[in-house]
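Visitor: TrEMBL lists these features:
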{"type": "DOMAIN", "residues": "45-134", "note": "domain 'Ig-like'"}
{"type": "DOMAIN", "residues": "147-245", "note": "domain 'Fibronectin type-III'"}
{"type": "DOMAIN", "residues": "250-347", "note": "domain 'Fibronectin type-III'"}
{"type": "DOMAIN", "residues": "352-446", "note": "domain 'Fibronectin type-III'"}
{"type": "DOMAIN", "residues": "448-541", "note": "domain 'Fibronectin type-III'"}
Amino acid sequence: RITILPHGSLRILNASKSDEGRYLCQGVNVFGSAEIVASLSVKEPTRIELTPKKIELTVGESIVLSCKALHDSTLDVTFYWTLNGQPIDFDKEGGHFESIKAQASSADLMIRNILLMHAGRYGCRVQTAADTVSDETELLVRGPPGPPGVVIVEEITDTTATLSWSPGADNHSPISLYNLQARSPFSLGWQTVKTVPDVISGDMESAMAVELNPWVEYEFRVVATNKIGTGDPSAPSRMIRTNEAVPKTPPANVSGRSGRRHELVIAWEPVSEEFQNGEGFGYIVAFRPNGTRGWKEKMVTSSDASKFIYRDESVPPLTPFEVKVGVYNNKGDGPFSPIVVICSAEGEPTAAPIDVKATSLSVSEILVAWKHIKESLGRPQGFEVGYWKDMEQEEAAEKVKTEGNESSILLTGLEGNTLYHLTVRAYNAAGYGPPSTAVRAATKKSPPSQAPSNIIWIQDGSQVSLGWEPVRPLANESDVMGYKVLFRQEGQSNSQVIETQKTSAVVLLPDVGVYIIEVCAVSEGGDGTASPQIRVPSFAGGKVTSAQSTLHVFSTSSSSVTLLLALMVPSTSW
């Protein structure tokens, strides 16, 4: 049990407490001797227990692994956790792992919201100063199936595709069924398709997708399902195009549209490329007068077409026709839409508006009004007003349109003091009716360009009396009809207005503060140029004293206000 090895070491097998003590090692030769002393302490061996020993869990569940150590009480222990032999990095595992040490001699591993990737061998290693021991347990994780293998298109027809695939991992829960999904340029992502058989059991590796659209490019993929759930889909198959076939979908919403006289306008919703079923797609437009037998057919070769116009000078307005629209492609003719009855165009309006009147409102506005004779055919959708200056030709007329049954319009942005000629005519989708007899109206002259001058104002507390010289308009300007006094408190944008036909006015300033006052002439052509602003302080609410009575003259020839006179007398003396 105790052996001295050739190099001088001492080996003790099956050490026990009785082997504890101080050991002396002495070396001797002809020159002398040397010795060392070693102390031996014998500790109890460390033993661990890792539970549970084998676990089967489902994705999303949680588990606690418990590791308990039986060790010599004089030794400290350290716990280490591994997964498949690699240390677990608790900071990089997304919160799935947590090490819990409630006692000095035990440690727990919490695994939360388990994923498939967490399956494997979990190890607990306990280390002391005297020995190291470890134990392992197996964790099996059940989950939805993995993605099936490569999807191969075995056979293709106009409406079917036979597919095969290899099964993916079942993740410890047998695959119960498969679903086939398809994607085309016309679908909103991947869609489950009908199959033969209807239910594809988990032991099958091929099936047929049915009810596909002819002449459409498809990709296919397979999705597996087990008791746990549905797994990730397979990679998409190569893109394939189904074979051509005769079209089966006629146009929808066949109807009539407005047109010109003697026209039959037939409209429809174009058939989507998804349902054209092949190359050379077009439309067959069939129509006949209501009550007749034979159909007249016209080919429309554009697949994007949505309208056909048939013109016949012998067709009266609003003649009813039976109409249907069919489809065709290189494989043959498809079905027609249901028969609908639509009427030929009613034609453009035939009557001109009457009682056209033009009234000048200002320097830039003329109001035009009219009446319209109701017609059984050629009903108007609106009216067009044309206007041109007296020295211009009618061909240069500007035009403004109304919609519906409007019977007047205000023309704006016109030149002042200008004579205009005006006509009105009705219109609809078929065209324009005849114009009315031209009428004339002249815009007003421009307002006076001269501002009121030599403004005299007397302030008596909150009351301001104003006077000014009359404005004399130029020959090409409107006559003065009166004046406006505009006043507002400083800092505000909205002015109060006093109108007068005299060259004087009295303004009552309602609040304490500084007021801005302006004066302008009023004419048929609008308001004239305003005078320079006057700033007046208000003493509203206080008793008026003689010291508050002042006389001011404001001359338009100067931008300054000059105080001419300030009298220490009551205001009644003025």
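Each Cβ is built from the backbone N, Cα and C atoms, and glycine gets one as well.
Unlike curated records, TrEMBL annotations are generated automatically.
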Visitor: Pull the DSSP breakdown for the domain 'Ig-like' (45-134) and write it out as helix, strand, coil residue counts.
Guide: 3 helix, 50 strand, 37 coil
Visitor: With DSSP helix as H/G/I and strand as E/B, how many residues of the domain 'Fibronectin type-III' (147-245) fall in helix, strand and coil?
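Guide: Reading the DSSP string over the domain 'Fibronectin type-III' (147-245) gives 0 helix, 41 strand, 58 coil.
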Visitor: Taking helix as H, G and I and strand as E and B in DSSP, count the residues of the domain 'Fibronectin type-III' (352-446) in helix, strand and coil.
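Guide: Reading the DSSP string over the domain 'Fibronectin type-III' (352-446) gives 3 helix, 46 strand, 46 coil.
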